[in-house]
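Grabbed the feature section from TrEMBL, which reads as follows:
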- 29-46: transmembrane segment (TRANSMEM)
- 73-93: transmembrane segment (TRANSMEM)
- 100-125: transmembrane segment (TRANSMEM)
- 145-167: transmembrane segment (TRANSMEM)
Amino acid sequence: MLSSPWTRFYSNSCCLCCHVRTGTIILGVWYLIINSVVLLILLSALTDPDQYHLTSAELGGEFEFMDDANMCIATAISLLMILICAMATYGAYKQHAAWIIPFFCYQIFDFALNTLVAISVLVYPSTIQDYLHQLPSNFPYKEEIMSVNPTCLVVIILLFISIILAFKGYLISCVWNCYRYINGRNNSEVLVYITTNDTAVRMLDHREKLCLILCLIS
C-alpha cells in the first residue's frame, strides 16, 4: 500500500514524550509570555522615552536607536504576535485546527528568514566583519570577536544558525502534527456522526416498511 511521503514524519508525540496538542499549547503559551514581556517593555519605553533613548554618540554611529516610529511598529508587531499565539493556544486546546494555521505560517516565515541569513553568511562571509565594524565601540566582547579567525568565525556562526534551524524545524513539525491530529480527529467525528445518522435512517425505513406490511395483513 502506497502512502504519502509526509506520513513518515507524522507522530502524535513530541519532546519529553508529551502529546502534540500539549506541546503546541506549551509552545503557544511560551511565545505568548515572551511577546507580552516585549510589549510591556515597549509600552514602558513609549511612556518614558528618555529611559530607552540612545544617542548616536552612545552607539558610535550616525543614527538613533528605537525612535518613535520604530517603537510603534515594534508594538504593533508584538500585538499581532500575541494574537497569533493566543489563537494557536486556543485552537490546540479546543481542537480547532483552523486557529493553528496563522501560528504555523509565522513559523514558516521565521524559518525562511533564518535560512536566508545562513545563506547570506555562506555566500558573503565578509558581511560578518562589516557588521562587527559597525557595532559600537563599547559593545561587549567586540574586540575578542574581531580577533577570531574570519573562517573560524563563519564556521561557528553557521553551526549556531544550523542548530537554531534544526530546533525551529522540529517545532514546526510538532505544530504541523498537531494540526493534522486535530483535523483528522474532527473528520473522523463527522464521519461517525454521518454513519450513525445513516444507520438510524435505515432503521426507521425498515420499521416503516414493517408497519405498512402489518397494516396490509390486518
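Every residue, even glycine, has its Cβ placed from backbone N, Cα and C.
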So which residues does the transmembrane segment (73-93) touch in its own chain, when a touch means Cβ under 8 Å and the partner is 6 or more beyond its ends?
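21, 24-25, 27-29, 31-32, 35-36, 38-39, 42-43, 46, 66, 99-100, 102-104, 106, 175, 178, 182.
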Could you tell me what the rest of the chain brings near the transmembrane segment (29-46), counting residues at least six beyond its ends with Cβ under 8 Å?
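Residues 52, 66, 68, 71-72, 74-75, 78-79, 81-82, 85-86, 88-89, 103.
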